[in-house]
């Protein structure tokens with residue numbers, strides 16, 4: 001994950017100081033891209049521990065169209081706790097937009113099912129896209145989507161994915177986002193009988209929070225290790241039937257966790 005450390009170092013060195021919604025303050029840079037060849041290893045950061053249950057269960061939660069944190073909490077995942085209301089609800093966030101986007105006729109559109117169909121039947125399409133940025137529902141969301149838009153691309157029997165992330169917490173959030181969408185690409189490729197290609201991460205406002213500066217220094221002092229590999233143990237009937245136990249991250253060797261506060 002040298003690409004990630006290079007990114008972290010660049011923003012630390014040339015980013016500009018900005019205030020932000022959380023009143024924490026950030027060092028920020030606008031626009032960056034990283035490319036990971038998924039056939040050469042699974043892009044999990046090794047210079048600190050990435051909590052894999054959070055990555056996997058959150059993705060399954062998105063795919064289920066769920067927007068209540070009970071499922072996450074039942075599986076030991078707490079990353080959405082701070083934004084939920086007293087009933088555990090988050091409003092029409094990712095799960096709703098991925099699986100139940102409402103059109104002007106108030107009909108529900110399942111974007112995930114649609115892209116699976118497109119990858120299988122019209123792989124050369126330039127419209128294999130999922131968007132979570134529903135302008136008409138932003139005000140009802142506990143937190144507007146940070147990773148807002150992703151597109152699939154098929155060439156030479158390989159499936160690639162590019163994500164656009166409008167707001168990128170580089171130290172805490174981006175390692176999770178890279179892992180999550182890389183996992184989704186593997187799942188989609190398996191469902192569509194393709195090999196994996198590249199995962200491309202593209203960021204808008206890429207920032208390091210001011211209360212993460214010490215943690216960033218610690219991480220940059222560490223040497224990245226060889227990447228893990230992903231083993232998917234079975235092929236379910238569809239993209240929605242995977243479970244946590246279906247995934248094994250082989251030879252994930254990592255340094256100690258580095259704790260940091262989340263900006264709310």
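Using N, Cα and C of the backbone, Cβ positions are placed for all residues, glycine too.
Note: residue 169 (dUMP binding site) has non-local neighbours 146, 207, 209, 263, i.e. same-chain residues 6+ apart with C-beta under 8 A of its own C-beta. The annotation dUMP binding site is assigned in Swiss-Prot to 21, 126, 127, 166, 167, 168, 169, 177, 207, 208, 209 on the grounds of sequence analysis.
What Swiss-Prot lists as (6R)-5,10-methylene-5,6,7,8-tetrahydrofolate binding site is 51, 169, 263. DSSP gives residue 263 ((6R)-5,10-methylene-5,6,7,8-tetrahydrofolate binding site) a coil state; it is part of no helix or strand. Using a 10 Å radius centred on the Cβ of residue 263 ((6R)-5,10-methylene-5,6,7,8-tetrahydrofolate binding site) and all shown protein chains, the other Cβ atoms total 20.
Mapped onto three states, the DSSP output places residue 146 (active site, nucleophile) in coil. Taken from Swiss-Prot, the feature active site, nucleophile covers 146, and the record attributes it to sequence analysis.
In this structure the C-alpha atoms belonging to residue 127 (dUMP binding site) and residue 51 ((6R)-5,10-methylene-5,6,7,8-tetrahydrofolate binding site) are separated by 33 Å. Minimal Cβ crowding within 10 Å, among the binding-site residues 21, 207, is found at 21. Ranked by Cβ neighbours within 10 A across all protein chains shown, the binding-site residues 51, 127 are led by 51. Around residue 167 (dUMP binding site), a 10 Å sphere centred on its CB holds 19 further CB atoms from the protein chains shown. When the record's (6R)-5,10-methylene-5,6,7,8-tetrahydrofolate-binding residues 51, 169, 263 are compared pairwise by CA position, the greatest distance found is 18 Å.
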